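Shown next, in structure tokens, is the structure this report addresses.
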Amino acid sequence: MHIKEVVLHTVKMKLVAPFTTSFGTFNEKHICLVEAIDESGISGWGETTASDEPYYNEETTYTTVYMLKNFFIPRVIHQTIKHPMDVHDMLTFVRRNQIAKSAIETAIWDLFAKKNDISLAELIGGTKTEIEVGKSIGIQASPEKLAEKVGDYVDEGFRKIKVKIAPGEDLEYIDAVRKKFPDIPLMADANSAYTLDDIDHLKKLDPYNLMMIEQPLAHDDIIDHATLQKEIQTPICLDESVHSLEDARKAIQLGSCRIINVKIGRVGGLGEAIRIHNLCQDNGVPVWCGGMLETGIGRAHNIALTSLSNFTIPGDTAPSSHYWDEDIIEPEVTMDQGIIQVQKGPGIGFDINREKLEQLTVEKESITTADTPHPIPTA
Ligand SMILES: O=C(O)CCC(=O)C1=CC=C[C@@H](O)[C@@H]1C(=O)O
Ligand SMILES: [Mg+2]
């Protein structure tokens, strides 16, 4: 397979509701949608899952566009690509920048599946025809407001509820939810808001029977999470700390977590996500697919990934309508009582609403050569 052109469509999209985590509130975001076109004119699609600010990790939408234009697209355009699983190693000449790598790598996965007229789920060996999904709720104004929001999503049938916590917005909030919903599958995401000084405080979450506490400690830590996991009963799930298969291996070996939140962008693409899934399966560590407030393109990749068998915990893959007034894919991602059907069409299985894409585009750039001022390996 050869890519003859890559078009970077940068869109500005407003969320239907603000989303608050321990590191800030998002109301809108710029997203770069990556269109990889082959010699026969077929388009594969990926998206950058960074935000406008480098608060989740070190990348932003703008850094990902720079890295795609200057390094990653010049590395892959006009090259012979035998299989999308090979793209990860083509990009390791650059350190990290996982979200930028993922955006072009996932577009190549979609393109390859379309050229072979199979769904992305089938291409990666997915076994499920439908997936259970959960809802990630941002930090709310009060414990009562949170419990009310949880009720709305329980009524919609979501199979897991994830709430955000931070010091001062944790025990009372979890207590209010558990008082109203003693048995629902409930988890908390701390986005690195705590330290080992908070061990005794975090122990107070143990009686609430949470499925897990996600990323309680530093975004780049594996060692201290192992210390914490020995002290608390609640299973630790890592998100930000796991950037690669190697990070996952070390975390499992050290006992830093019992669950891993796999995000295609954070780990540098679908190939690495599959490798992490397989490693976790071999070690009895369940995984689930986290969300990054994606458009339908990223959402479609997440659904396909979740069709793999060790994704045994519902992911943060809510329907399009929970994020956008109008998504840029057709049809939109919909859900029925917490279940999303795995798309069967070729590639990501959704069409792009080109009219909507044009409306939302703030910048568009077509790249047809490997030109870059930087030395790029070709081997
Ligand atoms: O896409 C979704 O619905 C999940 C959003 C979500 O929980 C997150 C998105 C982006 C960064 C983080 O704040 C957070 C997470 O840590 O998973
Ligand atoms: Mg998280």
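A Cβ is built for glycine as well, from the same backbone N, Cα and C atoms used for every other residue.
Remember, predicted model here, so these are calculated numbers, not experimental data.
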(message) Can you find which of D170, D175, D200, D239 TrEMBL lists as binding Mg(2+) at the same site as D189, E214?
(response) D239
(message) Cβ within 8 angstroms of the Cβ centroid of D189, E214, D239: which residues besides those meet this for the Mg(2+) site?
(response) K162, M187, A188, A190, N191, M212, I213, Q215, C237, L238, E240, N261, G290
(request) Measuring CA to CA, name the entry from the recorded positions K164, D189, E214, D239 that ends up nearest K263 (active site, proton acceptor). (result) D239
(request) List nothing but the one residue from K164, K263 whose Cβ has the fewest other Cβ atoms within 10 Å; the candidates are the active-site residues. (result) K164
(message) For ligand 1, list the recorded positions among K164, D189, E214, D239, K263 whose CB atom is within a distance below 6 Å of it, in sequence order.
(response) D189, D239
(request) Would you kindly give the Cα-Cα distance separating K164 (active site, proton donor) and D189 (Mg(2+) binding site), rounded to the nearest Å? (result) 5
(request) Restricting to the domain 'Mandelate racemase/muconate lactonizing enzyme C-terminal' (143-235), report the mean pLDDT as a whole number. (result) 97
(request) Fill in the CA-CA distance, K164 (active site, proton donor) to E214 (Mg(2+) binding site), as an integer in Å. (result) 9
